[in-house]
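For reference, the structure is listed below as structure tokens.
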Amino acid sequence: MLILRGAPALSEFRVNKILARCQQSQLPVTNVYAEYAHFADLTSPLSSAEQTKLEKLLTYGPTIAEHTPAGKLVLVTPRPGTISPWASKATDIAHNCGLKQVHRVERGIAYYVEGELNAEQLLQVTALLHDRMTEATHSQFEDAAQLFRSDAPRQMSSVDILSGGREALAIANVEQGFALADDEIDYLVENFIKLGRNPNDIELFMFAQANSEHCRHKIFNADWTIDGEEQPKSLFKMIKNTFEKNPENVLSAYKDNAAVMKGSKAGRFFPNTQGEYAYHQEDIEILMKVETHNHPTAIAPFSGAATGSGGEIRDEGATGRGSKPKAGLVGFTVSNLRIPGYEQPWESDFGKPGRIVTALDIMTEGPLGGAAFNNEFGRPNLLGYFRTYEEQVTSHNGLEVRGYHKPIMLAGGLGNIRTDHVQKGEIPVGAKLIALGGPAMNIGLGGGAASSMASGQSNEDLDFASVQRENPEMERRCQEVIDKCWQLGDENPIAFIHDVGAGGLSNAFPELVNDGGRGGKFQLRDIPNDEPGMAPHEIWCNESQERYVLAVGVEDFDRFEAICKRERAQYAVIGEATAEPHLTVADSHFDNNPVDLPLDVLLGKAPKMHRDVTSKQVVGKALDVTNINVADAAQRLLRLPTIAEKTFLITIGDRSVTGLVARDQMVGPWQVPVANCAVTAATYDTYHGEAMSLGERTPAALLNYAASARLAVAESLTNIACANIGSLENIKLSANWMAAAGHPGEDAGLYEAVKAIGEELCPALGLTIPVGKDSMSMKTTWKDEGDSQEKSVTSPLSLIITAFGRVDDVRKTVTPQLRTDKGETSLILVDLGAGKNRMGASSLAQVYKQLGDITPDVDSPELLKGFYNAMQVLVADSKLLAYHDRSDGGLFTTVAEMAFAGHTGVTVDINGLTGNDIEALYNEELGAVIQVANSDLDAVNAVLKDHGLATISHIIGTLNSDDAIVFNRGKNTVLSNTRTELRTMWAETTYQMQARRDNPECAKQEFDAKFDVKDPGLNVKLNFDLNEDIAAPYIATGAKPPMAILREQGVNSHLEMAAAFNRAGFAAIDVHMSDILEGRLSLEQFKGLVACGGFSYGDVLGAGEGWAKSILFNDMAREQFQSFFHREDTFSLGVCNGCQMLSTLKELIPGTEHWPRFVTNKSERFEARFSLVEIQENPSVFFNGMAGSRMPIAVSHGEGHAEFANDNAVKAALDSGTVAVKFVDNYGNPTTQYPANPNGSPEGITGITSTDGRATVMMPHPERVFRAVANSWHPDEWREDSPWMRMFRNARKNVG
């Protein structure tokens, strides 16, 4: 083992955070220094030249001053016996650089801890420095050799039921966490006695996963008796009733990994069989899926949320015969945050068990995990919600603590699929059964069964064993394979595909062959395996991520294999399909068959559940408002996390990748996160698209189960009504149900809620629920040490509805931004509560530690339908200037958020509304506030009247020029604050979370910027005509210069880049680095080259650096690239990851001596922003005629800080005239202030060119915003093109 010292691993503020945690734990630590340590396992010794090459490979990241280490060593490495995702990618890079003797390279962090610490205190510090789920600690470097040990395979065991009977299996059930019900134990004993043998542990694990509540949804399929009366339908049948009543536009429901609805016809953009990107006119259907990943997120929030998103993405990709995930959503419900130093008056501490983390930890790490996976995979995350609730209340079961110690972690999204791929094909006998994706590792074992238990029923080791790990770059490679398959149309080699989720291969392969009407013979040792010491059940049942199972016909296999090799996606043929429905898993190592079962024993005839339950009634207590002050209530509500600003959850997630995002969360020139819904364009040549929104009112279930469900459905509609969708038939719903099954009253309540929407509301509205998910163990129980009394926190019955819709014109989406540039306007409240003002389970009740008695409800489905249809008429006719639904926090919050987005004052008169001031301002009845031009008032009122809304529509106010938010009742002022006062209160939660999680200096700068009353917001200044197509004369010649759209494994922004160059008149050619390294393509044939954005090699060895070094240290590749850059008829562009890559290649590129390196952002966080930049005077072929222009652009990167050697180097770059693009503030001044400069680069530098202008690199993404509609905000006068299209047309003009 070769040990190589690496660069410092922690910045100053990261060290300070560790020291602060040590001080909180009263540990006498005076200093901590950390640096990376690399460990190389070699098959033969390296020459001195090879070792130098390896050392250069392992030199990466920002320049931080090195120290001479002092103090006690705590070496943190990946857990021995595992291969980390970092190692697999770093090893790939080493091999691509010719270092074949490197069997594996791993990375650790060497912490040097100073201070007078005894052994116990050092152990406590060690616990703070590592994650026991994925890491191990050592006291000396030599111990890292354990990383490369290879254990002998362990044998399977069996449970002796032939002699021990039922009792033997019952004991094993508890010890191994199978979560088998009593009748399932009986069923297994009976069947194995029939087979005349004992069950192997692998068979029991497999059965437990395949038949867990998580996988088989036993409660939703159960028969029900409530209060002694048999019920006519199961829960699932009531959901299916919505489809039976309204099947229109549903192409697939209930039978696949995701549901599919009718989409739009447009030009799908992807490479043809010759590799040139082109439009393919076809129906682009919409697929939808929403999952939850609650149990793992309570144990390990980052990995739990990351793998939740990853599993949902795989569900989408594995729909039909392969499809394309497009846009994501994420949501969290947790108990009270109790941010230290920022605790709120309603946040009581009811304790928690030691095995789960705090709500604050979940909301610190969980969103980062979900965002990181989506970012690296390349899916924009455009929608979400965040709710906190934890309170002792009197509900259906009397006085008890209700909250979310077991959190809700929601992961979902939409995608697209070809019509002829919606239905899975037949699996031919003899078809190859393939595992696509990563290797088996001993992680996530028993996840399906563990998540099916109430938290506290399994032991702590099993809880930790049930959490999976994430490798999104691997999943991206797999998706590229799936994409290349579906793009072949009729020649698609995939006959059948499933994702690998709960239960691992032991669930996925049986499901695959069973659904395809076949059986299967499998070879256990053909499964790619990074932990050879695993026992058979661990190999077969582990939940290693980023895997799919597929059936490919023998005649199609060569084509499939070639695609996998080009994309460098790991695959293995594990078995073949058989005509007999039997499952055999052979083990060549031990020469036995660990699994040998008829499929119907595993999947077919397990006992059906029967639920015999009793309903309970709640007697609420009316909300006591006698001591509630209107102003105090407003301040509390703005600090309730459910209502407070969500920027800390949003800017960590890429919202522009694909270049198809038409509406993200951030609204208007001030980028305020208040959007009602998310909207995407179907493709680059159309305005058709897709929308999705969320609806949830979970606390209402504490008073009225059915009303809570109805409110969730209704809120999803009031959120999506601002998009141009048309008929309700164009909307389909996903329903995600969470309940504490078995808790008194909750089962009957669940039945009541499902019936309310499945049998009643959705059929009345014409809505269908073709997809959903349930999680039935939402209760946490524990005993404190030394206390025999059991404690518990039980979640309210929770329904999260996601609405998906086909959009006719994505340009017509209305946002909450109040418009100050449209003349005289009025605000109208449409009150679907019709003046009832019911306050039960409201946010106001929560912040005063009450519950209330009567909740809002959907009293009239017809009125709700009328509201939706009226909004659709007004949206289609462009009569609405702004729209925002009323929800948490009531009218006050709705109006305040609209004012924040519009950067304006507003005056509201509630004189025409019923109820007292508190009820009028803070009730959460359904409805919306719309802004309309006074010149359109008559037309708008006529539409409202035509839809039965006249009597519940009230003109409530208008804008003011005082920058104040004022609520009056007649001549009396009820509430008055400056907009800035309320805006900064609303921002406090996000500031507190950012300051704790990220660089506190950056967090403070962002918070302080919100006090700037005169901030003009994003603005545009152009020195050219953006509608002039300067490439048109060249396109008219018919010549299409070949443009290499270059990508490496993990790159994810190549499609939008190709679309931009295609529009400019180039022949955009798909070029993978493997094409160059293996000689399939040469750069000699191209005039232009663009290195695209993404996460090449998952940013291992530095962002873009691994990609660059695979060129620099590969003689053939180095020669090709150097030759290309030196040809005077070529030009090149690097964007984001491509910018980082080309800047590392600068020794090959003439005239780039002033180029910086691009390293970790100053915030040390991935930054997704819509930032203002200015083009500088520079020689770049891309920016000809654009100097002095100022316009916004998408930014999405974690390592974009331009690092120069020193201040003199910065000055030299500026003096050279090669700086091309700078970040500027909203006043037009170059800036280093965060977040206007999201990475902290000196002088705002974010783009630079070579001295001759032929090579240009920039961190922001022009290719994602070349269409006007893809900009988060743009001036009304922009038509189809944004100003960034000029860049690509300049390149075409340059070629001539």
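Cβ coordinates come from backbone N, Cα and C, glycine included.
These features come from Swiss-Prot:
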{"type": "REGION", "residues": "300-325", "note": "region 'Disordered'"}
{"type": "BINDING", "residues": "GLU715, ASN719, ASP885", "note": "Mg(2+) binding site"}
{"type": "DOMAIN", "residues": "1043-1296", "note": "domain 'Glutamine amidotransferase type-1'"}
{"type": "REGION", "residues": "1232-1253", "note": "region 'Disordered'"}
{"type": "ACT_SITE", "residues": "HIS1261", "note": "active site"}
{"type": "ACT_SITE", "residues": "GLU1263", "note": "active site"}
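Mapped onto this structure are the features recorded in Swiss-Prot.
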{"residue": "GLU715", "record": "Mg(2+) binding site", "contacts (Cβ under 8 Å, 6+ apart)": "LEU694, GLY695, GLU696, ARG697, ILE801, ASP885, SER887, LEU926"}
{"residue": "ASN719", "record": "Mg(2+) binding site", "contacts (Cβ under 8 Å, 6+ apart)": "ASN676, CYS677, SER693, LEU694, GLY695, ALA803, ASP885"}
{"residue": "HIS1261", "record": "active site", "contacts (Cβ under 8 Å, 6+ apart)": "SER656, SER1053, GLY1093, VAL1135, CYS1136, ILE1193, ALA1194, VAL1195, SER1196"}
{"residue": "GLU1263", "record": "active site", "contacts (Cβ under 8 Å, 6+ apart)": "GLY659, SER1053, GLU1056, MET1057, ALA1059, ALA1060, CYS1092, VAL1135, TRP1284, PHE1288"}
Handout entry: Secondary structure at ASP885 (Mg(2+) binding site), reduced by DSSP to three states
Key = strand
Completion exercise
For Mg(2+), residues beyond GLU715, ASN719, ASP885 with C-beta within 8 angstroms of the site's Cβ centre include exactly ASN676, SER693, LEU694, GLY695, ALA714, SER716, LEU717, THR718, ILE720, ALA721, SER887, LEU926, ALA928
Handout entry: pLDDT averaged over the residues of the domain 'Glutamine amidotransferase type-1' (1043-1296)
Key = 98
Handout entry: Helix-strand-coil residue split for the region 'Disordered' (1232-1253), DSSP-based
Key = 3 helix, 5 strand, 14 coil
